[in-house]
Amino acid sequence: MRVHICAVGRLRAGPEKTLIDDYLQRFDRSGRALGLGPARVIEVEDKKNAGMGAEADLLRKALPKGALICTLDERGKVISSPDFAEKLAGWRDMGRQDLAFVIGGADGIDPSLRAEADFSISFGKMVWPHMMVRLMLAEQVYRSATILSGSPYHRV
């Protein structure tokens, strides 16, 4: 199952991008034997003052056809890392070819796009900068592969 991180805005070179790239490369290596990956980031332009509706339209165009859509949103469900790993495995086992995680811009995800999502995850009640959400998601995607493979990376 291919993993797509569809996000508003361009992440410039820097420590966040370096970490995201590292976690996604690790995921690609560890997930391959599990039927997970590759992972890639799809960035859509952050249209200044265009609003969430315009961002939602760009995000919809970036979504792979037929992909399962999972939004990252403060209203989403808070789940543990092992539960997240089980979600990924379940979607893979259902025969889904593509999983698209959607990360909105500074104002979040347009309600119409949130309504189209198959699932929504929250990283807690706090609001996180959307660039940090990318990093946390990349780490959790990698962590999921290690949990599913029995690697000692995730300690309980």
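Note that Cβ sites are derived from N, Cα and C of the backbone, with glycine treated the same way.
Because the structure is a prediction, the values reported are computed rather than measured.
Among the features that Swiss-Prot reports, S-adenosyl-L-methionine binding site is placed at Leu72, Gly104, Phe123, Gly124, Lys125, Met126, Val127, Trp128.
This view paints the features noted in Swiss-Prot onto the structure.
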{"residue": "Leu72", "record": "S-adenosyl-L-methionine binding site", "DSSP class": "strand"}
{"residue": "Gly104", "record": "S-adenosyl-L-methionine binding site", "DSSP class": "coil"}
{"residue": "Phe123", "record": "S-adenosyl-L-methionine binding site", "DSSP class": "coil"}
{"residue": "Trp128", "record": "S-adenosyl-L-methionine binding site", "DSSP class": "coil"}
Original post:
Taking the residues Leu72, Gly104, Phe123, Gly124, Lys125, Met126, Val127, Trp128 listed for S-adenosyl-L-methionine, what is the greatest CA to CA distance in Å, to the nearest whole number?
Top reply: 16
**OP:** Write out the long-range same-chain contacts of Leu72 (S-adenosyl-L-methionine binding site), meaning residues 6 or more apart in sequence whose Cβ is under 8 Å from its Cβ.
**Re:** Phe101, Val102, Ile103, Gly104, Ser120, Ile121, Ser122, Phe123, Val133, Leu137
**OP:** For Gly124 (S-adenosyl-L-methionine binding site), just count the other CB atoms lying within 10 A of its CB, please.
**Re:** 9
Subject >> Count of other CB atoms lying within 10 Å of the CB belonging to Phe123 (S-adenosyl-L-methionine binding site) >> reply: 18
Original post:
What residues, ordered by sequence, lie under 8 A Cβ-to-Cβ from Trp128 (S-adenosyl-L-methionine binding site) and sit at least six positions away in the same chain?
Top reply: Met136
Original post:
Across all chains shown, how many C-beta atoms besides its own are within 10 angstroms of the C-beta of Met126 (S-adenosyl-L-methionine binding site)?
Top reply: 7
**OP:** Ten-angstrom check, please: count other Cβ atoms within 10 Å of the Cβ of Val127 (S-adenosyl-L-methionine binding site), all chains counted.
**Re:** 11
Subject >> Cβ packing number for Gly104 (S-adenosyl-L-methionine binding site), 10 Å threshold >> reply: 23
